[in-house]
């Protein structure tokens, strides 16, 4: 399998109250084309920050990320946006639908931004796949949470992305709706052969992925599935110091 | 598909949705209001101004008049005709008329067929009755007489009247002429004849007192061009140039103040509407932070995003401008319809100014007030989809203030075309804002301490005020400014209207009599009283000349007076005979500005000769208190000391004097009397009978002029009301926009409290208290700022007497508390109708 996403020694540091705060310690790993990967960890462990860097929503403080042929860390904001348009789909915990557009228009949005001519037709097909063809003319506030997330899933697949990032996609949903969305996500992923990277607390959901990466206090500590794909500088000493901090 | 076309279509879809959801109502309303009010005001005031100019031109019977004591150079006449100005020539002189063995000294106007260029002559067939407008011109061989001449000469239509060496046929009775002589001392009976008959009268002899008039009417530009040509050629000793602007009538004073008021009130209205636009534009952008983050996440480029929002705002702008123009146009048509009976029939059409002014106002308001919020919007990073708190734009408040100040300045400048006024308003607004900011901050901080021990809803309200100190200060300032501007416009309107009404109260004397003999005056009063006409204060009048000041002969000083060209149109008094009077009482509407009135002089001084002099005359003649003025009355010279300096309301319809002496000074000199009184129209025909016993007396009827002034004041007052309504509406928009914006900030907190089980009643109480406190504070600050602003405006701009307005303090506080409180409560009420789950969802 070819490597789609390659992460090398990336870190993220932010300024907080006049001091540098390291949110991500050097992290390296690779994700293969078509693979599904879950990033798990506690709140504040750095999962979402890692996701934002992988998706090019934010920039690394150091290190390199390459998506396909593209060196994400070398691209400008505009270039990264263009890259997202071409390669990347998103599903968010809070759905992030445009409230002033109908369900159908929300699904059409990435297609229109990409200048596709058959946006409507394609969007209708996707809404049918997520079981919401009849609700296309409804606005997000007229839909339940589960329905909104299904629209978001349809929108994520609309641009036929190479890689799909999902941030806690079932986090705001009850078990039943969570399951529906989860199934949809994996089904569509399989059909389209998309690479899936999802951040979750839900161990059951994580297990459905081929690999799980665990974040802990800004470090990537475990990986299962593909061997040797994770190289972490998280030393035994650092693990010990983290534990001490947690106890304190 | 072209990506920009896609962005455009997307932007229009979003815009439609925004409209449907009512999100753009405030911004559109503010935009429509600013465009329509600027348009209607500019159009209306321009048309009103032109109409008023036409009306005031009627007072001159022309737009400009050249009056000359020598024959007017024919080349000037030709020059005026070359400039395509309408001209009319006139010769005025006094001559004795003879008819039926009666004779009467009469002021004669010999006119050509073009007289009057403006206004109409009113003719009648029966003396002392109201006349009808006429297009007729007096023909050679004819003479028209006024009612008084008809009574005095006992002539009937068709009789022959002798003027000098010729006989003219009496064909019409004059009721009024547009340029009736307002100088009560010059008035006598009047006759109009044709200018071609003047030679035949042979009354023009060397040394006769004749004045030659050249009247002009036409386009402003041509008139100005002619003025540029003519004025350098004039000799002040011979010529007098008169324009409508140089006239000092009550009406023009009223119109001038009204124009200043229009200008100021419209400027403040525009500032208010612009503030509403600014608040709404800022909210518009903030509401779209998430959308921009989503679009950027989905790969939309900044260019696409700019297209989407710029085209939305441009569409909004276009809709606002078109709607604004349509509403403004209809608005001014409606106002003109309402005022139709007070306005001349053909109201001049205005040029393009109102159109481009309105379009510019709309574009500048929206474009400049959106710049900063848009910059913030475009800078929203895609990461916001994961972290909702980030905005990606380092707040540059100074930039926002700078752009807003520039926008407001630009709007005011374009509208007023007066850079000084605009800068003054801007700087004072800036100063007030700064002081308010400090006041607001410190008050909110103090209230935090005061509220700490209060009941829970109150505590929550005060805590809310404190926590949002920055945004509350901004809200407080915009509420304050809105209330302040409303108060200014309201107070000025009330003061102006009150002043106008006091200027010409009901039963203002509408007739004057002059030349009442000293021995007749008591009988005269009694006769009139018997007919139910009360003759007001009478003044003895003696003609005399001022010949020396502190022993220096006036002839030598006249040249100094001439140098003061700027005061060209001030009443002229020197070098000619003056009407001197003596009275122990200071006449109404005269005010001592320096020195002491006679009855307050020390006893030992009262027996000396004293004179009270009109203020502007003292300035022109460099007179001061204590100067000794020497007068000559009928060959007898005497000296009086200037013991006081007075201001005189020349525009009041009452006898006014440059020089008033203490009674002792003039008691030796023979005098005639002048009196004014009010005659209701049904009693007018009785005047002729009453005056029969006093053949020397001249009657001057100023009723028509008073009516005209009243009508103009009435229409100007209506216009003032209209502007007040517009400004109030603009103010309310600011309130609604600001309350909406601040409610949004409170939403999250309210949702949390609601989720935690706080009752609607509790939340409403806390919101109500918070807003009422904000509104009351704003009202208090507004009242304070109002006093300062009004003092400056009244003394500097309107040249009115400054006054304090304590009654408006309560108005300010109550208006602020009630309006802001109610609006806050309404928004909160709406929010409480939505269930908590939906509210939570709308927040996420």
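Every residue gets a Cβ built from N, Cα and C, even glycine.
In TrEMBL, the feature transmembrane segment is placed on B:398-415, out of the ranges B:290-307, B:380-397, B:398-415, B:452-469. Counting Cβ pairs under 8 Å to the transmembrane segment (B:421-440), the stretch among B:355-378, B:762-786, B:806-829 with the most such contacts is B:762-786. Counted over residue pairs 6 or more apart, the CB atoms of the transmembrane segment (B:24-44) and the transmembrane segment (B:313-335) come under 8 Å in at least three pairs, which marks the two as touching.
The highest tally of CB pairs under 8 A with the transmembrane segment (B:474-492), across B:398-415, B:716-737, B:762-786, is held by B:762-786. Mean model confidence for the domain 'ABC3 transporter permease C-terminal' (B:722-835) is a pLDDT of 78. Comparison of B:313-335, B:398-415, B:716-737, B:806-829 by number of C-beta pairs under 8 angstroms to the transmembrane segment (B:261-281) places B:716-737 first. Counting residues 6+ beyond its ends, the transmembrane segment (B:806-829) has Cβ neighbours under 8 Å at 479, 483-484, 486-487, 490-491, 732, 735-736, 739-740, 742-743, 746, 750, 763-764, 767-768, 770-772, 774-780, 782-783, 786 in the same chain.
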